[in-house]
Amino acid sequence: MNETEKSTHFGYQTVPTDQKTDKVKHVFESVAAKYDLMNDLMSLGIHRWWKDFAITQCRLRTGQRILDLAGGTGDLAKRISPLVGDEGEVVIADINAAMLNVGRRRLLDQGIFRNIQFIQADAEKLPFPNNFFDRIVIGFGLRNVTNQLAALQSMHRVIKPGGFVVILEFSKPTLAPLKAVYDAYSFQLLPRLGKLVAKDEESYRYLVESIRMHPDQEALLSKMTDARFEDCDYHNLSGGIVAVHRGYKF
């Protein structure tokens, strides 16, 4: 899709570009309270390993300033916080206030707050100075952004030279037998889980459809290059169900 067009996808629907952000907002307002529980159920807990792997790819050090973009409920930030220490800083930015509220309460309950900030922000127009962060990590958030290229360009602007972005996102299975099983699981079981646990089948149907509409591994790699990231690469996890992309700013 040409991201300058006046329409875009919302799951499998085609909607005016200026309406997608609000539609995604309503989805995450609906699922915020049960989001982490549903992640456990939908991935059978494997999302925890995916996130741990993504954090290892960040190569974090004490004193660094990290942007956890689309960080919502703080599941990545709680892993990052002890690695950068009290001398470091973790900024959790998310466009959705409901997700931030869940994350704020959860991290406070866990005693994780000394080096954490919460900021409501649009990934396409990040409200930070140029060359501000040592690393940016975005987990399962990029596919919900209306203009992904604009978001990647915004990330490139605010990251320091020598820093890099790590993108953890659902992708395309690389094994044909896995794809058939994955499709059946996604379209038959996950919306029903959403209805049973979160009382919201339609929002979880959108989340499944948004995964299918997200660029595959090579297409996202190309988009990162278009945003001026260099030395871009990726690792497939769980047979390509998830991929971790990384791109540098020099």
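Glycine too: its Cβ is placed from the backbone N, Cα and C atoms.
Model, not experiment: these values are computed from the prediction.
Per Swiss-Prot, S-adenosyl-L-methionine is bound by Thr73, Asp122, Ala123; the candidate from Asp22, Asp40, Asp52, Asp94 named for the same site is Asp94. Annotation for Asp122 (S-adenosyl-L-methionine binding site): spatial neighbours Thr21, Ile95, criterion Cβ-Cβ under 8 Å with sequence separation of six or more.
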